[in-house]
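Enquirer: What Swiss-Prot shows for this protein is this:
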{"type": "BINDING", "residues": "18, 57", "note": "Mg(2+) 1 binding site"}
{"type": "BINDING", "residues": "197, 199, 201, 208", "note": "Ca(2+) 1 binding site"}
{"type": "CROSSLNK", "residues": "96", "note": "ubiquitin cross-link"}
{"type": "CROSSLNK", "residues": "119", "note": "ubiquitin cross-link"}
{"type": "CROSSLNK", "residues": "164", "note": "ubiquitin cross-link"}
{"type": "DOMAIN", "residues": "304-339", "note": "domain 'EF-hand 2'"}
{"type": "DOMAIN", "residues": "415-580", "note": "domain 'Miro 2'"}
């Protein structure tokens, strides 16, 4: 909604433009009227809409054509004033003033116009019949108000309607010739209806209607008012109410009725509560609210975010089988301008029988939040998060983690989402490794309507010390790393080489020395294609010797043809190293972390006992 309103008064000389302004401000009819009033600003706190309002007078005798066009350009609404006792001033509306205001606007939005019949005290009856043909000819005319500056009649109402024409315009919502909602308005209201239909039965129950009413207007409807609304709909729209529930047709009819009765601010309140601008598009401020993410921090959904997206899943899982079929997924996407996720989704997250499971769905939300939080905020906005959850913005569904440097200092991360970069030469098996993380063999992945190129990210859940973590695998080709300084930041690095091609290990060793050797990121070398015979090693350190010398864990083995448990163990090891980065460089043998912790504790206790015994011996020897 606009932050201020600029009203311009036009009309023939002596119709009372200046008197109207001075009567509004002084609350009495002025005895002496200047040729033109100075621009007046009415503060927000004394206007019905709580918006500062600038009122500008025009005098044809004092101002030039260029000055008039400049004022028209700056105005938000124009009041064309005529004298109800002078029919010639009515005719000038059609022949002179409206062409001056909007005559140069062939297409696009036109300035809203209010017709103002002044001096109603000089004529009995009304001139509305005379101006109706003009109102029919020019759809930009919002309304006509008859008033009297001398008797202070309808002065406040005149400027209220002018404000209303700017803040709650009719033109974007309603086609007066067709007497129906414009397509963009009907589309926006249809989306709002779908968001408010929590059980997806294509109708709003009393409970859903009251939740909608409270979200938009701050209070529920009284039971009798609710019944009256449904009675009006039943009377006017076949199928507007079914099984005592308001259908989409009934919902659209109600909004049409509001507009036809001059209550279009009601429809605008609904639209703006769900993020729409005056052009009936979701505003950038609504879709992408401010969220500051300092360097070294990451973004995750918090409990409010996960609860909301899980409710959305359950709403669209109409057969309650725990997965979203393609049809159910299409239903979920219906409130978006374009589908947020493409066919690569089924090769990015865990699935069940080719359908999106709840776990995979939550994984996808987690991935988007981590990789591109602005897209996550927009997606939550399309789903109506701020309105349905009664929150200020989607940013309240996001947690910004503490800096990675602090995690490294404390020796443990509080993050629930961990990033693993999988680095290696082309052909070493990185894509197979990523798909194995989802429980797919590479052959299965390529047979299941896969996109031409498999995604470079996959995500799944892993348990670390009894806690569930989300682990993201990101595939990076070693060739690009050796040529350019790409972002190698991650929680754990997985350096993959082909056990049958020793040259690929040399590349991994080079990457390690260049990017990770002097840092604190834990690294794990993985020997892929472990089912193939080992190649002839070139002169130099073997992978095991290299890892031992650099105080790294022993290389792990992986084969897409190997047992599933060995793959799970590798992913668990990566997640554990990311969670406890300070332990990674002391891991010279495949001893489990929990066992090493026990051994350290036992060793400490034994040392304490020996120290105490030695002390007693020394005391006795004295």
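Including glycine, each Cβ sits where the backbone N, Cα and C put it.
Keep in mind it's a predicted model, so treat the numbers as computed, not measured.
Burial and contacts for the listed features, if you can.
Expert: Counting every protein chain shown, the Cβ of residue 18 (Mg(2+) 1 binding site) has 21 other Cβ atoms within 10 Å.
Secondary structure at residue 199 (Ca(2+) 1 binding site), taken from DSSP and collapsed to helix, strand or coil, is coil.
Packing around residue 96 (ubiquitin cross-link) is summarised by its Cβ count: 16 other Cβ atoms lie within 10 angstroms of its Cβ, all protein chains included. In the three-state DSSP assignment, the secondary structure recorded for residue 96 (ubiquitin cross-link) is helix.
For residue 119 (ubiquitin cross-link), the Cβ neighbour count at a 10 Å cut-off comes to 23, with all displayed protein chains included.
According to DSSP, residue 164 (ubiquitin cross-link) sits within a helical segment. Summarising the environment of residue 164 (ubiquitin cross-link), the number of other Cβ atoms within 10 Å of its Cβ, over all protein chains shown, is 23.
As a summary of secondary structure, the domain 'EF-hand 2' (304-339) carries 21 helix, 2 strand, 13 coil according to DSSP.
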Enquirer: Determine the most Cβ-crowded residue among the binding-site residues 57, 199, using a 10 Å radius around each Cβ and all protein chains in the structure.
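Expert: Checking each of 57, 199, the winner is 57.
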Enquirer: Which ones in the same chain are close to residue 201 (Ca(2+) 1 binding site), with CB under 8 Å and 6+ residues apart in sequence?
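Expert: Within the chain, residue 201 (Ca(2+) 1 binding site) has Cβ neighbours under 8 Å at 245.
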Enquirer: What is the set of residues, excluding 197, 199, 201, 208, whose C-beta falls within 8 angstroms of the centroid of the C-beta atoms at the Ca(2+) 1 site?
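Expert: Near the Ca(2+) 1 site, beyond 197, 199, 201, 208, sit 196, 198, 200, 202, 203, 204, 205, 245.
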Enquirer: Let me know how many other Cβ atoms fall within 10 Å of the Cβ of residue 208 (Ca(2+) 1 binding site).
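Expert: Excluding its own Cβ, residue 208 (Ca(2+) 1 binding site) sees 18 Cβ atoms within 10 Å.
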Enquirer: At a C-beta cut-off of under 8 Å, are there same-chain residues at least 6 beyond the domain 'EF-hand 2' (304-339) that contact it? List them, or none.
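Expert: Same-chain contacts beyond the flanks: 191, 194-195, 198-200, 282, 351-353, 355-358, 361-362, 365, 369, 379-380, 382-385, 388-389, 391, 396-398.
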Enquirer: With Cβ-Cβ distance below 8 Å and at least 6 positions apart along the chain, what are the contacts of residue 197 (Ca(2+) 1 binding site)? List them in sequence order.
Expert: 203, 204, 208
Enquirer: Tell me, roughly as an integer, the mean pLDDT over the domain 'EF-hand 2' (304-339).
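Expert: The answer is 96, the mean pLDDT of the model over that range.
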